[in-house]
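Annotation comment: TrEMBL describes 55-282 as domain 'Radical SAM core'. Among the features that TrEMBL reports, [4Fe-4S] cluster binding site is placed at CYS69, CYS73, CYS76. Annotation comment: TrEMBL describes GLU181 as S-adenosyl-L-methionine binding site.
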Amino acid sequence: MPQMDVGLKRELEAKVYAGERLTREDGVALYESDDLAWLGRLAHHKRTELNGDRVMFNVNRHLNLTNVCSASCAYCSFQRKPGEKDAYTMRIDEAVRKAKEMEGEGLTELHIVNGLHPTLPWRYYPKVLRELKAALPGVKLKCFTATEVQWFEKISGLPASEILDELMDAGLESLTGGGAEIFDWEVRQHIVDHNCHWEDWSRIHRLAHSKGMKTPATMLYGHIEEPRHRVDHVMRLRELQDETGGFAVFIPLRYQHDFVDSADGKIRNRIQSRTTMAAPAESLRTFAVSRLMFDNVPHLKNFWVMHGLSVAQLSLNFGADDLDGSVVEYKITHDADSYGTPTTMHRDDLLNIIWDAGFQPVERNTRYEIVREYDKPVTLAERRSEPQQVWA
Ligand code: SF4
């Protein structure tokens, strides 16, 4: 990696400390920096300005109603075709039963994303939301990617506005941030196998924002894209945020290899043989540059399932201020134990991770409103007098 010109380094530093907006060229230069500690320092400055020493988290569970999907995105190991051994689609009563089983420990949010099922009728989706809401009235429903909403347009013949109205009436609190991957067509055409690209993705989130929703935005990094594509991704979202102010959080997601745990032993990820997963330093770099570039979104989330707990803790010093979540089961990536990720996490585990990293945990709801503030962390000197919890 080339050493960054000292003059440029000072210039970028001055811009960050003066609160000046960074340009596309600045973003690319930051990715090229060989000084990870410096990047972390800048991102931590920005993160502290925005969020102090708080780390937010929520108690949520993930539910995938079906893994049957009409598309075959190149990086996806979740989708199954109808009739495949471990293809499944939940009946509405099954989905409700499963959600009820997850209800313990003060659950505040259900996160629901699904395959683009070729034959399930549109009516299924508002119906399942209505029944989930009736069974779990205190739980917020964060459901569906923009890609799914565009799919609903196709299967219902209704415009997205009517679809969102009906879903909101049935209990939808927020869309999810998925389906974004990398917007630049140079990359997107090789990894995405459905018709929801930047134009539709941004149209649907803009519409959701106009109806009062706060939504997340994601970016799938570490596959065939280059840093300039990540910068372009954030620039598009930043511009949309200038217009709507509706994004609550940005979530960089580390691309995962398929760990072959399907019933038929098949690897579905078609770019696996020519890609490696991003190393921890690359993840920390991506968090830091994202925090610095995306200056108008309040929160930066680490979805720890995709990064492992060590990187999740470290990322709190590289711009991240939100840890999602206390997930017990997550189907889209799994077998992440090789990356230091346990299969279960509960509220107390998350609290300890945040305290151990020297931050104050704050429980939030889906709209990033504070549910409960916890104690500040004890000092490092005090912590070191006790045996330390070691996260793999
Ligand atoms: S990423 Fe989503 S749309 Fe693409 S194949 Fe997987 S489940 Fe289907």
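Positions of Cβ are set from backbone N, Cα and C atoms, glycine also.
The model shown is predicted, which means the values in this text are computed figures rather than measured ones.
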CYS69, CYS73, CYS76 excluded, remaining Cβ within 8 Å of their centroid ([4Fe-4S] cluster) | ALA71, SER72, TYR75, PHE78, GLN79, GLY115, ASP193, HIS194
Number of other Cβ atoms within 10 Å of the Cβ of CYS76 ([4Fe-4S] cluster binding site) across all protein chains | 21
Take the domain 'Radical SAM core' (55-282) and average the pLDDT across it for me.
-> 95
